[in-house]
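Single-structure report; data block below.
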Amino acid sequence: MASAAVLLSFGVALTRFLGQGAAPAHEVLWTWLPNMALGEGGAAGNPIAANLAVGFYLDQLSALMTLIITGVGFLIHVYSLSYMGHDRQFTRFFAFLNFFVAMMLVLVLADSYPLMFVGWEGVGVASFLLIGFWFSGRASEGSSRDVREASGREGIANSNAARKAFLMNRIGDLGFMLGMFLLFKLYGTLSIPELAERVEGFPAAQAGIELACLFLLVGAVGKSGQLPLTTWLPDAMAGPTPVSALIHAATMVTAGVYLVARSHFLYDLAPNASLWVAWVGGLTALYGALSALNQHDIKKILAYSTVSQLGYMFMAVGLHAYSAGVFHLLTHAFFKALLFLAAGAVIHALHEEQDVRAMGGLRKFMPFTHLVSAAGVLAIAGIPIWSGFFSKDAILAAAYTQSPALYVVGLGVALLTAFYMGRWYFLVWRGEYRGHVHHIHDADTLMKVPLGILAAFATLAGFLNIPSFLGGGHAFDTYLGRAIPLHPHEIAASTEWLLTLLAVLAGVGGLAWAWAEHRRGVLGTGPLGEASTRGLYLDTAYDTLLAVPGRAIAGALDVADRGVDGALSGVARNVAAPGGLFALWQSGFVRAYAVSMLLGTALIIGYWAIRTIGMGGQ
């Protein structure tokens, strides 16, 4: 039923996509707090009213995103039917998976930033539930003690990864909210279509727009795992492999790119904030590539590659090459989902083994999965004719025309990407098998069908946007240009040919480098060694600079709290002590009351007798 629901959603999305006109479709469902006046709207002088509409907005950008989310999401659902078939929490898993897809659809279809934020928070909650899905491990009650202990450690690691993702995303959420508050103050609305009209008709002070865009960038950085909030994303592969594919390819991490692309009318007026977006993307792309060079976990290599590829997308949208960035988002959804699901098939066949050093030679046992994996590697490496070649080439061309420094960074990342993915391929599929699992089998039909479809799109999707110098007509650019104005960058045909040649040489050179290292038998230890394995020590730096001082401050405050609490408790005890003596007389027993009455009577009689005797003596 869960898979059928996503398939139905895909059918609706495809129908709307094929029948879409030039004008966007906008459906307002209801308005919350209509006409509640809140004052004047800042520099624009617009009246501010709490007319928060709840509605959906479907243009070319959101229509494309719905196709990606539901299409790739459905294939992941089908794959999961087999992958999670024997899991004890099968039903719960699909409930969470459906919730994830639903919240992502709310995010991309929202007609206002507050409604987008609802979807934004929804995918955050869904990611927490799915990354930590195996929070108690996977061992059954009848397993041996050692297996249960190992499973318990796995559950703790999964829970920590889920908590880390949830908390780090809250930092980005704060930026998103501050951006919304500032835009509301400047223009008196958070409806995206209305805001686009007001910004065009009356641009606010430059500083206000720049600041709002920087706040939105903080939100995008958190959700898409960009520097400096990137460390949660590599750990997010802790959940079941279909979850990794959904998070890293089709849903959550693309939300930051979508936010910047959807806010293009703001970033077009904020050149400084846009430059920040581009450089955050460029540096993150380099960081992710360097960190992936010496990873040993088959999924963690792919996780760091996601960090790097998202950096490419941020670089593109920061340079106002929105179409190139969104096109790379599309191709990346195909080849990254393919690679993660292929990795899942390998893990499944090897009884949960994830260390690439314990693999090798698997092409002999898993020929189909090997074939589709090769297609994914060629796509991400940017080899013609695979899809990554076209989308990455468009980003590098945009960088060349606007920022030569970013172009050099992007070209270097292309070389590193081809190397670490070549290393992934050779360690898993080539050479001799180095593991200890017997009876290795290829994926079953339920897994093969999604893998085959994704491999086809990873190979052919690039032809949707063939550049003019290769005889194409930029069909994708033309389509997306109806929703997002294009910023064409004129490059001579000879220069484009040269840039393309350099990009191809980077991809081929990286694969050749990996092949040479494979022949030498040294791929087990990649370049940069331990620094790469530990993510360039970024987590260590955060722990040293933030966590350790934070724990020290918390300890000092705890001591102070205990002192204050102890003093107050001492005063309370001293005040309560005399009252305790009186409370002894209120025991609730009749015999105690009778004794009290007798003692009282005796005291009165005694006092009277002494007084009488004293008066008689006088």
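Cβ atoms here come from the backbone N, Cα and C positions, even for glycine.
Annotation comment: TrEMBL describes 51-94 as domain 'NADH-Ubiquinone oxidoreductase (complex I) chain 5 N-terminal'. Tertiary neighbourhood of the domain 'NADH-Ubiquinone oxidoreductase (complex I) chain 5 N-terminal' (51-94): same-chain residues 2-3, 6-7, 9-10, 13-14, 16-17, 20, 24-36, 101, 104-105, 108-112, 114-115, 130, 133, 138, 140, 189-193, 240-242, 245-246, 249-251, 254, 258, 261-262, 326, 329-330, 333-334, 337, 341, 344, 348, 443-444, 446-447, 449-451, 453-454, 479-480, 482-484, selected by CB-CB distance under 8 Å and a gap of 6+ residues from either end.
Residues annotated as transmembrane segment in TrEMBL: 61-81 (among others).
The transmembrane segment annotation in TrEMBL covers 93-110 (among others).
What TrEMBL records for 116-135 (among others) is transmembrane segment.
Taken from TrEMBL, the feature domain 'NADH:quinone oxidoreductase/Mrp antiporter transmembrane' applies to 158-410.
As annotated by TrEMBL, transmembrane segment applies to 171-190 (among others).
Annotated transmembrane segment per TrEMBL: 202-222 (among others), in sequence order.
Per TrEMBL, the feature transmembrane segment maps to 273-290 (among others). Counting same-chain residues at least six beyond the ends of the transmembrane segment (273-290), those with a Cβ under 8 angstroms from any Cβ of the stretch are 209-210, 213-214, 217, 220-221, 225-227, 230, 260, 267, 304-320, 399, 403, 406, 409-410, 412-413, 416-417, 420, 528, 532, 536, 538.
Under 8 Å from some Cβ of the transmembrane segment (302-323) lie the Cβ atoms of residues 220, 224-226, 230, 233-237, 244, 248-249, 253-254, 256-257, 260-261, 264, 267-268, 274-289, 291-292, 295, 329, 332, 336, 339-340, 343, 380, 392, 394-395, 398-399, 402-403, 406, 410, 413, 416-417, 420-421, 424, 465, 476-477, 480-481, 484, 486-487, 489, 535, all in the same chain and six or more residues away from its ends. Annotation comment: TrEMBL describes 302-323 (among others) as transmembrane segment.
When Cβ-Cβ distances below 8 Å are used as the criterion, the transmembrane segment (329-350) is approached by residues 64, 68, 72, 75-76, 79, 83, 241-242, 244-246, 248-250, 254, 257-258, 298-299, 302, 305-306, 309, 313, 358-359, 362, 365-366, 369, 372-373, 375-377, 379-380, 386-388, 390-391, 428, 435, 437, 440-443, 447, 450-451, 454-455, 457-458, 461-462, 464, 476 of the same chain, each at least six residues removed from its ends. Residues or ranges marked as transmembrane segment by TrEMBL: 329-350 (among others).
Through the fold, the transmembrane segment (405-428) approaches residues 278-279, 282-283, 285-286, 289-290, 292-293, 295, 298, 301-302, 304-305, 308-309, 311-312, 315, 319, 346, 356-357, 359-360, 362, 373-374, 377, 380-383, 392, 395-396, 399, 502-503, 506-511, 513-515, 517-518, 523-524, 526-527 of its own chain, all at least 6 residues removed from its boundaries and within a Cβ separation under 8 Å. TrEMBL lists 405-428 (among others) with the feature transmembrane segment.
Sequence annotations record features per position, and here TrEMBL assigns transmembrane segment to 449-470 (among others).
The transmembrane segment annotation in TrEMBL covers 497-516 (among others). Under 8 Å from some Cβ of the transmembrane segment (497-516) lie the Cβ atoms of residues 381-384, 389, 392-393, 396-397, 400, 411-412, 414-423, 425-426, 469, 491, 523, all in the same chain and six or more residues away from its ends.
What TrEMBL records for 592-610 (among others) is transmembrane segment.
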With DSSP, how much of the domain 'NADH-Ubiquinone oxidoreductase (complex I) chain 5 N-terminal' (51-94) is helix, how much strand and how much coil, in residues?
29 helix, 7 strand, 8 coil
Within-chain partners of the transmembrane segment (449-470) [C-beta distance under 8 Å, separation at least 6 from its ends]:
72, 75-76, 78-79, 323, 327, 330-331, 334-335, 337-338, 341-342, 345, 368-369, 371-372, 375-376, 379, 385-391, 393-394, 397, 443, 476-477, 493, 496-497
Limited to the domain 'NADH-Ubiquinone oxidoreductase (complex I) chain 5 N-terminal' (51-94), I'd like the whole-number average of pLDDT.
91
